[in-house]
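Engineer: Below is one structure. I have some questions about it.
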Amino acid sequence: MTAILERRESENLWGRFCNWITSTENRLYIGWFGVLMIPTLLTATSVFIIAFIAAPPVDIDGIREPVSGSLLYGNNIISGAIIPTSAAIGLHFYPIWEAASVDEWLYNGGPYELIVLHFLLGVACYMGREWELSFRLGMRPWIAVAYSAPVAAATAVFLIYPIGQGSFSDGMPLGISGTFNFMIVFQAEHNILMHPFHMLGVAGVFGGSLFSAMHGSLVTSSLIRETTENESANEGYRFGQEEETYNIVAAHGYFGRLIFQYASFNNSRSLHFFLAAWPVVGIWFTALGISTMAFNLNGFNFNQSVVDSQGRVINTWADIINRANLGMEVMHERNAHNFPLDLAAVEAPSING
């Protein structure tokens, strides 16, 4: 009898815990994905803050030339970063207990791998939590689908690219200047600006900004007057009101006359789907492009391939980009390479005349 009562009490305790985890009445929804999301994101955030402030220099290239990234070692907010794990570690799983000492772990950039892996788990769980809350509330699942775009982008630069290149040292540093360095080196080695998927991503981000500004300005310009001149227009809306707060017919008419009739949406639902889908699809393509370039399927390189009928080279901007790529490749990791890979692969010119 005692055993049965204890089992019921434990079942009741577990049941109450399950109900609390999945309750939509909590001020912040936790969910089963949140059970994993909370500790992983807290770990990533805590280690990031500590390492950004106080981590010692890291031997990123594996050539015994440590690079400083923290504030206490001479950096500021702009130049500081979490330096990627050393090339000497490569793709090895490198938790603290795999190092001979904490000093060795810090020298080899262990915090970067710890932060990145916890962060990727955390944001993936955040996406799952979005779906979970939508499911509990009877909503459609597109919020999580939209969030999959930045998750895919982060996964591409922090995980897929290092896997393709063979080392976490090739991952994106966690800092402002480090991000710019990553972008420049990526262009030098993969010609990303000439990759169609990156072009689609640019169209997605810039187009999304344009469409967002157009939509916001159109709605704001066609509000239904509910206030006097002496009141803020925002006072004319009450949260939860059933009637429309702006005149979509007026907005449609304005935009249709500004450009042409069929450039303007006459359906609010299809309009908002378009506003969500455009940048999401663009960022999906960019993440896919990074993931293919990770394995050296690079952007277009015309390499003086535009010629006239006599076979003479017609110089184009693409050739200027190639020249810039070589310059950037020469300058990065100066002490790790004698020659940039593109130049080293070419036969030495004859000097015998």
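Using the three backbone atoms N, Cα and C, a Cβ is placed for every residue, glycine included.
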Engineer: With Swiss-Prot as the source, identify the stretch among 86-101, 118-133, 246-261 annotated transmembrane segment.
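Structural biologist: Among 86-101, 118-133, 246-261, the range Swiss-Prot annotates as transmembrane segment is 118-133.
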Engineer: Counting only residues 6 or more past its boundaries, what in the same chain has a CB within less than 8 Å of a CB in the transmembrane segment (142-156)?
Structural biologist: 119-120, 123-124, 126-128, 130-131, 134, 276, 279-281, 283-284, 286-288, 290-291, 294
Engineer: Could you state the CA-to-CA distance between H332 ([CaMn4O5] cluster binding site) and H190 (site 'Stabilizes free radical intermediate') to the nearest Å?
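Structural biologist: So the Cα of H190 (site 'Stabilizes free radical intermediate') lies 14 Å away from that of H332 ([CaMn4O5] cluster binding site).
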Engineer: Between the recorded positions Y161, H190, H272, which lies closest to H198 (chlorophyll a PD1 binding site), Cα to Cα?
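Structural biologist: Spatially nearest to H198 (chlorophyll a PD1 binding site) by Cα position is H190.
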Engineer: Where does H332 ([CaMn4O5] cluster binding site) sit by DSSP, helix, strand or coil?
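Structural biologist: It is coil.
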Engineer: Quick test of the contact rule: Cβ under 8 Å, at least six residues beyond the ends. What residues does that give for the transmembrane segment (197-218)?
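Structural biologist: For the transmembrane segment (197-218), the list is 251, 254-255, 271, 274-275, 278-283, 285-286, 288-289, 292, 299.
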Engineer: Measuring CA to CA, name the entry from the recorded positions H118, Y161, H215 that ends up nearest E189 ([CaMn4O5] cluster binding site).
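Structural biologist: Closest candidate to E189 ([CaMn4O5] cluster binding site), judged by Cα separation, is Y161.
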